[in-house]
């Protein structure tokens, strides 16, 4: 085709909030995403210090190479193209490509692994009744917590990174000091059966990370004062085991249960505000669109996860929470995944009815996670696939296929450009969110990979599973 015959199309740019940017421009259909980005930065008056931008049509199609290549037959030259511009993280996380350490030590399968919010510490919980802390500078073990008398089912870092909570099958909770590995205070005992979920109060509401919520098989949620070692409040209302817990940034706790409901609780007085029904089977997993900001509190990967000091910590955490919420359209959204193969998207603070029902998985949903930029939901299921959904509407985007057995757990990189998954097929896989496909295959484990996490500073991925070994992966 000669240049004279080139197709031109009218392009309009919109912010995620719906405001139009600049004026409609007529561009060749061969305009690349880089050229669109330069134009968008001019409209934003950022040409001196351009920000990375990606583009998506109203139908959820990403402009990857050029307008024509991405839209193909869907290109309507008469109507033109409306593009939503999506500012991306200024820092970049590089994909992990190799295993730098295999860390033996646990004598039973590794059930949970988690980096601290500042990315400086790593903890793991196992069926061998221990919690282990690992030194990330030397990639060697640094402490083993032996206070539990049964399998350690769940661990959770406080958002100020100064405490680690762990809970076991006997229904007891221990608090650990990550710097010494010593247990802090006495065991928190009160649950009649095993604990399935722990959630710390967000840093902007609790600057010293005193309050911890726990829930489990007995159907009760307990809010603990971890300094005094006592139960502050018991929230009861579920009629079966609670499987997952989220502590939101606006004073609400969300709990998902095998009684097929999600309940919304007001922390200040323990009142149950609403019960969200719709799932036809057990609820396995919950995620908030602001989870990443709540988990990392005052630690921003853009400045190397530096601690701002006790005075400023809560302010910085509040600023980051509000920025994440604004990015998400100003509301805290919750997504739930279930044994009924479906997911629901909720606006739990104000609405009883779901915003959307997300269908497509062929087997039960193990885990759902919002990307740090709140724009995408990823779900992992027993049908061997990972599916991606729009973080505001729940609209289906695409499926990531490559695992040959169930996908147990997934984790986003801090810049939302990459996703890592762990599976029963003993591999980890790194997925590229721009190309929506497999980037790197990471074999190495001897059996199922149950747990995986990506450090908040983006440096490392950790995985653990049935072979009792922790593996650290880096660039």
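Placement of Cβ uses the backbone N, Cα and C atoms for every residue, glycine included.
Feature annotations, courtesy of TrEMBL:
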type	residues	note
DOMAIN	9-69	domain 'NLE'
REPEAT	103-138	repeat 'WD'
REPEAT	145-186	repeat 'WD'
REPEAT	188-225	repeat 'WD'
REPEAT	235-275	repeat 'WD'
REPEAT	358-399	repeat 'WD'
REPEAT	400-434	repeat 'WD'
REPEAT	442-475	repeat 'WD'
Legend entry - Overall pLDDT for the repeat 'WD' (235-275), taken as the rounded mean: 96
Legend entry - Long-range environment of the repeat 'WD' (400-434) - Cβ separation under 8 angstroms, sequence gap at least 6: 54, 62, 64, 88-89, 91-93, 95-96, 292, 301, 363, 366-367, 369, 371-373, 375-376, 378, 380-388, 440-454, 456-458, 461, 463, 465, 467, 473
Legend entry - Contact set, same chain, for the repeat 'WD' (103-138): CB under 8 Å, 6 or more residues outside the stretch: 144-146, 148-157, 159-161, 164, 166, 168, 174, 176, 178, 181, 295-297, 299, 301, 305, 307, 450-457, 459-460, 462-472
Legend entry - Intrachain neighbours beyond the repeat 'WD' (188-225), with Cβ under 8 angstroms and 6 or more residues off its ends: 150, 153-160, 162-163, 165, 167-175, 231-236, 238-249, 251, 253, 255, 257, 259, 265, 267, 294, 297-298, 310, 313-315, 317-318, 321
Legend entry - Long-range Cβ neighbours of the repeat 'WD' (442-475) (under 8 Å; 6 or more residues past either end): 91, 93-115, 117-119, 122, 124, 126, 128, 134, 136, 139, 295-296, 299, 301, 304-305, 405, 408-415, 418, 420-424, 426-430
